[in-house]
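Visitor: Relevant sequence annotations retrieved from Swiss-Prot are reproduced here:
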| type | residues | note |
| --- | --- | --- |
| REGION | 1-190 | region 'N-terminal' |
| SITE | D3 | site 'Required for receptor phosphorylation' |
| SITE | L4 | site 'Required for receptor phosphorylation' |
| SITE | D10 | site 'Required for receptor phosphorylation' |
| DOMAIN | 54-175 | domain 'RGS' |
| DOMAIN | 191-453 | domain 'Protein kinase' |
| BINDING | I197, G198, R199, G200, G201, F202, G203, E204, V205, K220 | ATP binding site |
| ACT_SITE | D317 | active site, proton acceptor |
| DOMAIN | 454-521 | domain 'AGC-kinase C-terminal' |
| DOMAIN | 558-652 | domain 'PH' |
| MOD_RES | S670 | phosphoserine |
Amino acid sequence: MADLEAVLADVSYLMAMEKSKATPAARASKKILLPEPSIRSVMQKYLEDRGEVTFEKIFSQKLGYLLFRDFCLNYLEEAKPLVEFYEEIKKYEKLETEEERVVRSREIFDSYIMKELLACSHPFSKNATEHVQGHLVKKQVPPDLFQPYIEEICQNLRGDVFQKFIESDKFTRFCQWKNVELNIHLTMNDFSVHRIIGRGGFGEVYGCRKADTGKMYAMKCLDKKRIKMKQGETLALNERIMLSLVSTGDCPFIVCMSYAFRTPDNLSFILDLMNGGDLHYHLSQHGVFSEADMRSYAAEIILGLEHMHNRFVVYRDLKPANILLDEHGHVRISDLGLACDFSKKKPHASVGTHGYMAPEVLQKGVAYDSSADWFSLGCMLFKLLRGHSPFRQHKTKDKHEIDRMTLTMAVELPDSFSPELRSLLEGLLQRDVNRRLGCLGRGAQEVKESPFFRSLDWQMVFLQKYPPPLIPPRGEVNAADAFDIGSFDEEDTKGIKLPDSDQELYRNFPLTISERWQQEVAETVFDTINAETDRLEARKKAKNKQLGHEEDYALGKDCIMHGYMSKMGNPFLTQWQRRYFYLFPNRLEWRGEGEAPQSLLTMEEIQSVEETQIKERKCLLLKIRGGKQFVLQCDSDPELVQWKKELRDAYREAQQLVQRVPKMKNKPRSPVVELSKVPLIQRGSANGL
């Protein structure tokens, strides 16, 4: 029966994988719902306050670029050729061979540069033209040949073109997507969890599918009780920090994190799914690798280490078991549990795996940095070639003996190693950090320039264009079955409790890596959801044409901000009422959807603007004179933050203004009133008073 269950789990998992690759959007079991277009009023202020409404910020985001591109290509004729030129350059930069670049560079020059020069309409500098011409004459076609044009294209786009984008519906759509992104609160219900694919000290790893996009991931679940039992709280939190540091920027050689979230019992990392097994497994199945095969793996691992070191992260646990293969056979560095940030303070702890640890790591009290990883790389490459670490002779398992040999033994390299390989390993395995390859001031570049890698084009390595030595078999789960992986004994943690103080440790654990979420959405459901939302909004506009749209009321007035919130202002009401709110310098107005009358609350009536919590949901509490309360609930975190800020600012400024104006005796206070007409307060005045 157990065998049958294992087979069914494998089949289900493999089917999910195949469908996810073909049509991930069709596999989405939940839909992303974009908020109303009116969210723009709140989100634009929220993003502006954080310096996010700039050309550089929006153009560098995947969804921002796609919407800006759509606007330029379809709605702004003068920007269309600039964006087309930009996209052709980006395609050129990804070409694999010099021959392809020679042909394509000439085509780009003729179509986008020479044509404009002949028409006397070339909007770029003479320096940019001469730069490209000079290289083409010499038949030099580096990937960054057109970089001067990239800079000038962006310069031309960041002025009037960007301003027109900000005023367009495409920026409204950007605000809608950013609101969704900034309000992500993941739970287990957001994933379909498949079979177990691995187990570690604190928990287990499963294959899973994200419900709203259909994308497949690995879910690493750490048991909070097991963490507490092993006093591993610092390690668990450190792994989340290290993953957040290395998971930004383009690096296909690290198992990166897209999300982190928590449940009452677990901490979960959502990671890149690697289906090809690890190098330790393949070493045991395949036998030792040739120099050429090892070179292929080494090159990709070096780029992974370079990405970490550029972010001041030292990995500290490089070994074949931590190098995972994807379905195509390319490798990624996994498991950052022992990684450390050395940007402010160098570590000195002796951590890692015996046989791969650098001498400075083994020596107590000695500080180190990325140097440790280059020594470990030398040990690992030796193992791929010989089947054992250079300091683990005769299969000894005595850790003290292995450490002693690491600190004292001069490594003897076999005569069968090529001179280039010997040079590389001798450089990496130097006990003296000041003489070690990778530690002489230029980091990974020193290793990449080793004669052993002379035959490689590092751009081709980065683009994963070289065929890998080993392609994992398709249609198989390259992991042990659930029975062999085993499970934890729940009796171990039966008596362990998790009081509030323990849960508080993980309060800031949840995280979404923005660029990875945007990439996931762009690859799966972006076009579908945009098309559906366009249809819904068009229908709603037609429906609201007679009554007028809620946003129209704010036009031409001194409205600070407007948008939907839910209110609970009447003591006899127990349900939330969704209303459209308008914040003015001296009052807050609201109305129901499709309703003409407004309700009004003046700033003079408000005593304070506070944050409260109702049924574990953050709300805004407006205390009103006479002991009354007015509670508001927002649909998303950014809305709550911005409404709280703007209400407090308006209230404070109104109070300051009142203090400057002489008080009138016996003036009655205005109650909360229903308005069927424009209020007597002059709406078009500078401050409404």
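Every residue, even glycine, has its Cβ placed from backbone N, Cα and C.
What's the neighbourhood like for each of these?
Guide: Within the same chain, the residues at least 6 positions away from G203 (ATP binding site) whose Cβ sits under 8 Å from its Cβ are K220, C221, L222, D223, R226, N266, L267, listed in sequence order.
Around the Cβ of D317 (active site, proton acceptor), the same chain contributes D335, G337, L338, A339, V351, G352, T353, Y356, S376, each under 8 angstroms and 6 or more positions distant in sequence.
Mean predicted confidence for the domain 'AGC-kinase C-terminal' (454-521): the pLDDT average there is 84.
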Visitor: In DSSP terms, helix, strand or coil for I197 (ATP binding site)?
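Guide: Note: I197 (ATP binding site) is in a strand by DSSP.
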Visitor: Suppose we draw a 10 Å sphere around the Cβ of I197 (ATP binding site). How many other Cβ atoms does it contain, all chains included?
Guide: 24
Visitor: As a test of the contact definition, list every same-chain residue at least 6 positions from V205 (ATP binding site) whose Cβ is closer than 8 Å to its Cβ.
Guide: I196, I197, G198, R199, A218, M219, K220, C221
